[in-house]
Structure formats: C-alpha cells, structure tokens
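Notes to accompany the following structure.
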Amino acid sequence: MNNFSISDLPKGAYIHMIGIGGISMSGIAEMLLNFGYKVSGSDAKPSGLTDRLKQNGAEIFIGQSADNIKNPDAVCYTAAISPDNPELVKAKTLGIPVVERAVFLGALLEKYKYPIAVAGTHGKTTTSSMLSLVLLAAHKDPTILIGGELSQIGGNYHIGGNEYLPFEACEYVESFLHFKPFVSIITNIEEDHLDYFKDLNHIITSFVKFASLTSDNGCNIVCIDENTTQSIVQNVKKKAVTYALNNKNADYTAENITLEKNGCPTFDIFNKDRKVLSVSLNVAGDHNICNALGVTAACEFLGIEPEYIKSGLEEFRGAKRRFDRLGKTETGVDVVDDYAHHPTEIKTTLETAKKMGYNNVWVAFQPHTYTRTAAFLEQFASALKTADRVMITDIYPAREKYDGTMHACDLARLIPGVVYMNDMDAMKRYILSNAKPGDLVITMGAGNICDLGYSLTQK
C-alpha cells in the first residue's frame, strides 16, 4: 500500500508492526505511542529495543505467528519480511491495510513541521547524530530517528516535539522516495546496493528524484566534493546550498585545519567569505569535518545561531559502531568497532586510524552480503591493504542466501599476508596472542563482527 496517509487512521488507532525490534521500526513505534496510537509488534528475539517499547506501552510478541494479528487497523512491516510471513499473510487475508516501513514513515512526516532527511551512500548516521545534538543544544526539542545508537539520547530515537524531526533516508530499494522533507542533506553518492540498482547512473537518478521531493520552501544541502552529486545541484529545481572539504566553489568550506594529538580536528567554517564559527571536534577524520560542514549549512538555513551549532558539534563523540572505542584487551591493546562495510568507508576509517600514532593498525573484517562482496571485490582488497594487519572472516549474508559463487576466501586471496578464519573464537585467540600494546584492533563490518570486539575487551 503506497498511497497511505496517517490521516486515514482513526484517532487512537491500533497498529501492529512486524519486525518491531529493528533500528528504524522501534523508533517509529515509539513515535506512534507518543501520538496516542495503540501499538503491538513482533520480532524474532527480545532485545533492549523491544524491552524499552514494552515498558512504554507496546505489546511485544517474540516470534511471528498468525495469532499475533488481533484485528489491528493497519500493519506495518519491514522490507526484510518475507511475503509468506504468517502475520503478513493473515493481515492480507483479513483485508487489513499493510504498509511497508518507509511508506509508513513517510506518512508520519505529515505530523512534523520541519522533517530533516539525511541521505547519502556514507555518513548518514554520523551526520544525523551531529544534527540532532545541535538541535538539542538549540533547545528545539527535536524528535530524533537515527540508524545507530547515540549515547546522549540513550539509543536510536528520542521523542520530543512535533516541529523538528532529523531522520535517516536510505536509498536501498528507493525507500527514500516515500519522504517529503523540509531540508535534505545529501552527503555523497557512490555505487552500492547493486543487488537492486543497475549501475551508478541508476543510483544518481534515484537521488535526483529524492532531492526533487524536498519542500519548495525548503532546501537541499549537497556535498559537492564528488562529481556524482553535481546532478542534484544542476537538475533539481529547488534551493540548494553546497558544502565541501576539497572544492572551494562550495558555499560552506573548512579553513585553518589543525589536528590534536588524538587526531581530532580544529577548524574554521566559512560561508563564502563569512566566518561562521570555529570548532574543535571530538571525533577524528576528514570525513567528520565534511559532515560538520553539512550540518552547519542545514542549521544556518533553519535559523540556528552559530553558538548552538558549535556546541552541538563539539558535544558529538561518535555513535555506536562508528569508530566506537570499546576499551582495551587484557594485554593493553586498544579496540575499536566500526560499521564500515563499503570500500570507501573502510579506506576512510583505516586512513583515519593510521594517523593516530599506533604502531600497527589491525582490521578484523567481516564482509557484508555476497552481492556487495562480489561487486567490489578488488576495491575491498585495495581498501583493506591500508591496514598493517588484515584478518577476514566469513561473509555475513544478511538478507541473502549462499549460492556458492562468492566466499570470503575469494577476497582473502587478493591481500598479501592476510589471515582468514571462519571462527571468531579463533580470531580472538590469534589477536590476543599477536597484537601488542601500542597497536589498534578494529573490528569492522555491518554484521555481528562487533561481538568479537566486545569479547576482546572482556576481562
């Protein structure tokens, strides 16, 4: 059901959510509870997110069964749900409206005055987290819906008022085409999700469509460090403000960049010839300078004063699974976990780590999906070679099934000196025996490789 409107539901309507424990679904469920809707939902296993929703009034079912459908007014489901899911099948059989997650979220945007979407191949969670902290610093009481966990809000969502809503807009299966934001930040456009998109031109076309959905009174905030984003500025007839780290033609740029001993940058942000503010970030990496520029451009368009922008940016110390410092091993080796699962993200993260003064940077990488690994095999190998020591474990399949055409060993063969292990306990033992104090170990990938990082730091 793609023409769904939240106004179609009666006041206090009952909504059932299949996959309620997901990072986005849980936030939507909390928003619905806040608006006075009755909410139930199911998920494969309990989690901190389902526990939190239960405490706040949602009825939670662990496991999915047709018996969980108790005559709701609508059913919301994630794209990961199979068409033969028993709850989905029963809802359709009973004639209950079934609405995919992105369509449902798009309808919920009607309730907010300033929905602010963050889109792009990389950097969505970090940028939306920075933006959220600025809005909080400016006392705008935002409702927040992000794709990672942010310590300052105690999770992946925060329920505030009905004006400002920063949220992530994912391009996969073009789900972001269901959104009509007031402001859209577009961080970058690269090849990814090639199990859905035909090629880069298909992806660019999709982003142009997305940017065209931004409100006529709003603005597209576009990073123009890459040629791929130029199509948005050139072809979308909406107000556009640009930012860039390496393109002096942009509206917002960074000048006078210096690095602290921990790799964190201090710099000035300019809007053309006007100095907006000076800021010292508490996260490392050129990519975070660029993310801060995009947030500054968006917040200035929204009328937020520079003092609050500075405060929010400096408050940001990273989101969970984004260069997330987990602690030290029993032998005194620093351990970081990172969600990077695309070659550009991997290279950026490893280059940042290499500038931080460690003797050796280790990466324990878990490729994410067979199609992505096959599509970027050479690029993955090149990016991973940035590290001093490389370990690879089996591909995390996510939504895919193994067909025998791609294996983690195909990637390992392209990297001299790599260590391949299909057992995380064995990887842990190897790291503890070979990594030395003064080294950094990064567990990397979008699957469950983070479990290795946590186990390494358990005393």
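For all residues, glycine too, the Cβ spot is worked out from N, Cα and C.
Unlike curated records, TrEMBL annotations are generated automatically.
Long-range contacts of the transmembrane segment (12-33) within its own chain (CB-CB distance under 8 A, at least 6 residues past either end) are made by residues 39-47, 49-50, 52-53, 56-58, 60, 64, 68-78, 80-81, 85, 87-88, 91, 101, 104-105, 108, 143, 145-148, 156-157, 159, 168. Taken from TrEMBL, the feature transmembrane segment covers 12-33.
The feature domain 'Mur ligase N-terminal catalytic' is assigned by TrEMBL to 15-112. In terms of DSSP secondary structure, the domain 'Mur ligase N-terminal catalytic' (15-112) contains 42 helix, 21 strand, 35 coil.
Taken from TrEMBL, the feature domain 'Mur ligase central' applies to 118-298.
Within 10 Å of the C-beta of T125 (ATP binding site) we count 24 further C-beta atoms, all protein chains included. Annotation source TrEMBL lists ATP binding site at G120, T121, H122, G123, K124, T125, T126.
Within the model, the domain 'Mur ligase C-terminal' (321-447) carries an average pLDDT of 93. The domain 'Mur ligase C-terminal' annotation in TrEMBL covers 321-447.
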Other residues, Cβ within 8 Å of G120, T121, H122, G123, K124, T125, T126 Cβ centroid (ATP site): V118, T127, T187, N188, N291
C-beta crowding around G120 (ATP binding site), within 10 angstroms: 24
Number of helical, extended and coil residues in the domain 'Mur ligase C-terminal' (321-447), per DSSP: 42 helix, 28 strand, 57 coil
Cβ-based isolation winner (fewest other Cβ atoms within 10 Å) among the binding-site residues T121, T126: T121
